[in-house]
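Remarks on the structure that follows.
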Amino acid sequence: MSTWANLGLQDSASPLMEQLIFFHDHALLILVMITVLVGYLMFMLFFNNYINRFLLHGQLIEMIWTILPAIILLFIAFPSLRLLYLLDEINEPSMTLKSIGHQWYWSYEYSDFNDIEFDSYMIPTNELMNDGFRLLDVDNRVILPMNSQIRILVTAADVIHSWTIPALGVKVDGTPGRLNQTNFFINRPGLFYGQCSEICGANHSFMPIVIESVPVNYF
């Protein structure tokens, strides 16, 4: 989860989130290089006295500043498209979790295990334990095995919600009347926190998600 003064992304807990972080750093490096170059050119332009009264055209420089940005955009577009297709790929899941968004809580179903169903409500501040996290802890956590391919089916019972876990790189909209799916692979044990990130109403930030990742033999 995010902590105080954490300005970067959360530590990844899945291979796809690792790739998203790598792409973020890659794009940021390109942005820094462009910013430094343009800043340097503008600084030199403002603080020199070079003039050329007979300059009418510069076809070479115009070709350069047209082709170079196109090449830079390709360096951003190809990794981005690769990631989009990887995020959409469903790889023979070991188990399926169904998540249903309500105002203002989540319902879960383990459809592979004789239809285990439960609701997950946020724990009110006055009922929190000393080691709990305010506005993030829930009364019933989702327990999932690590090192397993997990498919999640997301829908909603009333308005649009969004099932989001930043550490796993998962964000799926739950839309009434639709069943959206994605998959993820948790590669380490731990507690992973998320919240509804859709504009589904005044209290959408008070329907948190907590995943407890455990080794397969404990699951």
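Numbering starts at 1 and runs along the chain as displayed.
From the backbone N, Cα and C atoms, a Cβ is placed for every residue, glycine too.
The model shown is predicted, which means the values in this text are computed figures rather than measured ones.
What TrEMBL says about this protein:
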DOMAIN    1-91  domain 'Cytochrome oxidase subunit II transmembrane region profile'
DOMAIN    92-219  domain 'Cytochrome oxidase subunit II copper A binding'
TRANSMEM  27-51  transmembrane segment
TRANSMEM  63-87  transmembrane segment
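Counting same-chain residues at least six beyond the ends of the transmembrane segment (63-87), those with a Cβ under 8 angstroms from any Cβ of the stretch are 16, 19-20, 23, 26-27, 30, 34, 169, 182. Secondary structure of the domain 'Cytochrome oxidase subunit II transmembrane region profile' (1-91) per DSSP, as helix, strand and coil residue counts: 61 helix, 0 strand, 30 coil.
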